[in-house]
Amino acid sequence: MLAAEVGSNCGRNDDVAAVSAVMVNAPEDKGEAEKSGPAVKKDSENPPPPKVEVAPDNEFEKRIRPEVIPANEIGVTFADIGALDDIKESLQELVMLPLRRPDLFKGGLLKPCRGILLFGPPGTGKTMLAKAIASEAGASFINVSMSTITSKWFGEDEKNVRALFTLAAKVSPTIIFVDEVDSMLGQRTRVGEHEAMRKIKNEFMTHWDGLLTKTGERILVLAATNRPFDLDEAIIRRFERRVMVGLPSVENREMILRTLLSKEKVENLDFKELATITEGYSGSDLKNLCVTAAYRPVRELLKQERQRDMEKKKKDAEEKSTEEASEPKEEEKEEGVITLRALNMEDMRQAKNQVAASFASEGSVMSELKQWNELYGEGGSRKKQQLTYFM
């Protein structure tokens, strides 16, 4: 029995020794794991960092949260805009520099611009400019509309506006874009305007540039409109820079056409002639022109395919042989690659007959835009008596 106890004690000692050996080796393995851990972490740092999700504080911020578009998901750059070089250069200085280098705009006269208005005829690229600015500057983009901030419940409109600016501060730098701003922030003296709309405007202005505005917030309100003369005077004052985006000139139309057709197959296109015959066309009109022209090769290809099908059916009916009828099917498989012919001048001329300018370059609205630009726009002469336009 004594021998058995001794044997069991020896076995127990061997187990303890084995366990202690594992425990002694464990710190070394842990140290090696810690040494190798950073190397694995460095490999995981190579891909871009994941998007940081901002948790809304309340139900109103939760409603606005789906409208926030990160900069890497906007998908529009200045290279996608074929013209407007002078406006792009001005916006890069006004918007991108303060958002990228906030250390240079900490106080004094060098304060970041809090409001920019883009106005002009429809289809001139105002919305694309806003998206390109946010994308190039690395700023979050919030597209605001009436449906975003209005509610059927009394008092919630103002809370939605407040949530818009508090959420923008959390995901800053942020560009709050208001398209067709005249419909939301128009003159408060309109006949028949509902009291709720007046409260929305007051709340918006208070958070934008008022008592509730915090210094150091990198929030820019960028708006676009075709009717700047319908804006409220207090709103106009808060837009520190007011830039007119007019109809493209001949040179700009040529640049826009080259940009639109840069990835298409073209043949013997005279861009100077195209720019000349499209007088009064906006950038959107030129895009519609190119799309219409691009359909002509497609229609021709479909017509050729229908003609081949008719000839094939006629040939099959004449031969009346199933074996011979199976051979053309093999040929169709070999012709799987579809190639469209290149666009030419005739396509563009035919498209010109179908697509007309959508805006009257010599109409009354254009003259009103020019007059407003002279009074309030950037680079206007301002020689006319103030407020004569509204009297």
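Note: Cβ is positioned from N, Cα and C throughout, glycine not excepted.
What TrEMBL says about a protein is an automatic prediction, not a curated fact.
Note that this is a predicted model, so its numbers are computed, not measured.
Pulled from TrEMBL:
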type	residues	note
REGION	21-59	region 'Disordered'
COMPBIAS	27-45	compositional bias 'Basic and acidic residues'
DOMAIN	112-249	domain 'AAA+ ATPase'
REGION	305-336	region 'Disordered'
COMPBIAS	305-331	compositional bias 'Basic and acidic residues'
- the domain 'AAA+ ATPase' (112-249): mean pLDDT? 87
- Can you count helix, strand and coil residues in the domain 'AAA+ ATPase' (112-249) using DSSP? 57 helix, 29 strand, 52 coil
